[in-house]
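Worksheet: one structure, shown below.
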Amino acid sequence: MASNSTGLTPNGSAAAASASSAPPWRQFSFFDVKPVKDAQDLDSPPDVFKATPEISTVVSSSVGVLVADIHGSVHLLNRDFESINSWIAHVGGRVTHMVERLGVLVTLGEEDTVRPPLIKIWDMHHNDKKTGAPVLLRSTKIQLSNRPHPVTTLAASANLSHLAIGLADGTVLLYRHLDQSLSTSNSLTALPKPRTAHESPTEPITGLGFREPTEETPNLYLFIVTTNRVLCYQASGRGSGSNTVVDEIGASLGCAAMDWKGRGVVVAREEAIYVCGTEGRGACYAYEGNKSSVHTHLNYLVIVSPPFVASASAASATVRNFVARSANPTDSDITKVTVFDLENKFVAYSGTFTEGVREIVSQWGQIYVLTMDGQLLSLQEKSTQEKLDTLYRKALYPLALNLAKTQDLDEASVADIHKQYGDHLYAKGDDYDAAMAQFIQTIGHLQPSYVIRKFLDAQRIHNLVTYLQELHSLGLANADHTTLLLNTYTKLKDVQRLDSFIKTESRKDSEELPFDLDTAIRVCRQAGYFEHAGYLAKKYERHEDYLRIQIEDAGKYSEALAYLRKLGPEAAESNLARYGRAMLEHLPEETTQLLIDLCTSSGPLVSEPEETSPATVKVASVTPSYLSYLAINRAPASIGAPTVLSSDTATPPSPSIKTVKPDSHSHSRGDSVNEVSRSGSGASTPPATASAIKPPPPPPAPKLLSPRLYFAHFVDHMEQFVVFLETVAQRRWKQSVDDRAPGQIGTWGKGREGAEIDEEEDRKDQVAVWNTLLELYLTLPTPRMLGTKEKGLPAKLSEKKSIFDQSVMRDKAMRVLHSGNIPYDPTHALILCSTHGFTRGLVLLWEKSGMYEDVLRFWMDRDKAGDATASSKVIEALMHYGPTGHPHLYPLVLRFLTSTPELLGKHEDDLKGILEHIDEEGIMPPLGVIQVLSRNGVASVGLVKEWLMGRIKAAKEEIQSDKELTNSYRLETEAKLKEVTELADTSRPKVFHVLRCSRCSGQLDLPTVHFMCSHSYHQRCLPEHETECPKCAQEHAVIREIRNNNFRLADQHDIFISEVQESGFEAVATAFSRGILNTPRTDEVV
């Protein structure tokens, strides 16, 4: 008999012709052969296989290995190949075919009492309680005509919905909806009526197989293999019942099987192996030689050859090795078993068996070979790592990758294969591109530094660039990788690839950037590629980075200013706090306008050109003042600045600005420094119904920025500072000192309508603005401005005297101080006016603060300093402040006027007038006046003789008046005491001379009621049981209440002490008069 040979050809139609010229299959020993022994007798094979000739069929199943014999019995074997259940399936006959699905076993067999074949269906999960055998579900005959034909093959779908039986006469019977039939009927013979799927009297059926439905092909197909053809029958779906020929090449019995994926049928012919699908023949593998059967095991195809005589000249290396090992190889026939990996196109095992092969079974992940002599051998597949090691030793890395894919290895294991493949190619030294292609496949599993170190050489730098680019595209690069890649671009001056990397990658709609954004910007800046750095910063809203690039690196101040306007108030706030000073140095007018807009407008800042009158700008310097916290003592950074705004001639920036706020987006790697809100993932939302539509929530109220943030930027730009502060005050709070007389300034508004205002912070801003403006009004123009031209200074500097005229500035300061609504700090204003010698403002502040004594003392000090008019100012201030409720000023002025003979001589008439006013108003006692005037020898007695005599005469008259009043009180008291004594004397009768009723004024008649108080009444005019004179009762009640209150106040010492502290001896005298300090008499309290 001919020996088997192996070969490979891509075209099945030419397989037979080119088999001899096809390249041989690679052969490996990926399976180990181990004999299977009986669990009870380790020297013997399993007991069930000792009578091998009596075994009719062996199949694998989900419940174990099923073995049937010629006696009609079926044995269920476990992993130790011990029978766990046995029963007679066909009495007096034999089992020819078996198939099991979902625990349901279908057996076909013959019985002596029945001529046609019998089909029986068993429930393997339930046993009969009497016999112990599985429950028999169905038992019926297979008979289409009077002449029965033997069954050649059997197939069932995965869910047992269809069952196909192939007969030797070329007929295929198809049972449909078998699963439904088994669940709906209990009759043993109730099977669906079979449909004849195929008839070919001259072509016996040699193989059947079902292709299960998938998402791509939702129909169920039945492959029918005859000796001459392969057909495909559609068993379900639209168009079911059609039968098409997919190949004109058939197969012998047992030489057809479904592939391991269940998508096609494998047909084994002498010249080759064919795989047929529903559309036609697919792959073809040249393998010459006779085949007795084919089987599938996982992804392998097992081919068994018929017995043949081994020859040393055989094409198969396995046969030649057998001949070499055997002493008498020709004494017996051998059977060859070959295990193919069709996907990876290699032979995983090839072995010979001298006793022949009875069955091949795939069960529990192993291949079991049952020989004719009853020996059971297990082909145990080696571990994947062992197989890979074998391929590594032979440098078959592509095959190792294919094997890893077939074995479903994890990504880390596949990456390790790529690594070893890359190392192999790198070690060869002639194909670095291919090596890099392999290393790229390891990204995510292999440390990038391992690959980078290999390709750091200048000759392989382009390969390194490729690797780094891929590393970034997968989002696995860190800052060091980005630095290395960008440095590589910049060193190579490869601007095109740099553009491609930065601009192309940044346009991808991915959630994460392919590189570290901070690193990319930093490297581009260091290398001088400011355009690329600016592009990245602007693209991903890194506002601080973009401004740093434009201002510090590129010097593009105009672009930076335009960008700041586009940012809007929120983002521009923090960035201007950092770069505002630099912007003012180069673009003072535009930057001042932007700062004004920031502090007065809460909306977008992108403006359209508008016709406005050009503002004149002049530069100012500053002197040390309260602004020292702004570091103003330094010289201006740029004296020759271009035209800027003037503090008193420039018009405030126009508030009519049309703005558009750009949308803000975030990126996981390129988040904005100011953390702008994320927006838009791109997912569309289905439209809502009318009832579900809700109005969008109102946007949060905008927030006005604080002008205090930007004070420090105007250190060397005082002229812009004045314009900034005045315009902010006018726009934001409607406050201004222009074109208004002192004292006429008013607050017109509280802030821009619609803006969110923190009242406390807004108040602080107003105070800070006006405090600073007041200081500028008092410090401008500086001595440097008022001086002549200095060496190196521009000619325009001499013009500042007219711009910042001191009288104009001081007038503005007075307007601020006169205002009752502008919120400046009075204490701060006092310090400023005192520091800068602003007398008018200082006096005004003292007056507004009620510090009149300080005003007088100020003029007194000025008089001591030699000011001839100061003493007159003192007299005027006294005449102005004294009559308004400030008597304490008169003693101060008296002391001042009598301090020197010169003053006394100058203001002698004023002194007399003051004394007359003191006398008229009773401001000071005469003794107090004498004490003030007599403290030195300046004032003589003759000066106050007439005034003193008048005071003595008035005092005498007052004393005499008091004496007369005292005597009248004494006489009245004595009269009252006498009357009380008479009333208390019960022995003396009381005579009433009253003729009229004290209530009705009518003539008294009996009965009459007389009271001791000399009031008489008709009895009818008095209420019943009245014992007190109604006319005197009210007066007596008031007196009693007063006395009771006085007694109660005697215990409230805190009230008495507070009155003493306030009024002194007068409070003590009043207490004596009320009896508060007297010993209380409880018997007198009513």
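Numbering starts at 1 and runs along the chain as it is shown here.
Each Cβ is built from the backbone N, Cα and C atoms, and glycine gets one as well.
A TrEMBL annotation is a machine prediction, not a hand-curated record.
Positions annotated as compositional bias 'Polar residues' by TrEMBL: 1-12. What TrEMBL lists as compositional bias 'Low complexity' is 13-22, 679-693. Annotation comment: TrEMBL describes 660-672 as compositional bias 'Basic and acidic residues'. Feature annotation from TrEMBL assigns domain 'RING-type' to 997-1032. Under the heading region 'Disordered', TrEMBL lists 1-23, 186-211, 644-700, 740-760. Per TrEMBL, the feature repeat 'CHCR' maps to 439-592.
Residues 119, 136-140, 144, 152-158, 162, 164-178, 217, 220-229, 231, 233, 235, 241, 243, 250-258, 262-265, 267, 278 of the same chain lie 6+ residues outside the region 'Disordered' (186-211) yet bring a C-beta within less than 8 angstroms of a C-beta in it. Helix, strand and coil counts under DSSP for the region 'Disordered' (186-211) come to 0 helix, 12 strand, 14 coil.
In the domain 'RING-type' (997-1032), helix, strand and coil residues by DSSP number 6 helix, 7 strand, 23 coil. Confidence over the domain 'RING-type' (997-1032), given as mean pLDDT on the 0 to 100 scale, stands at 86.
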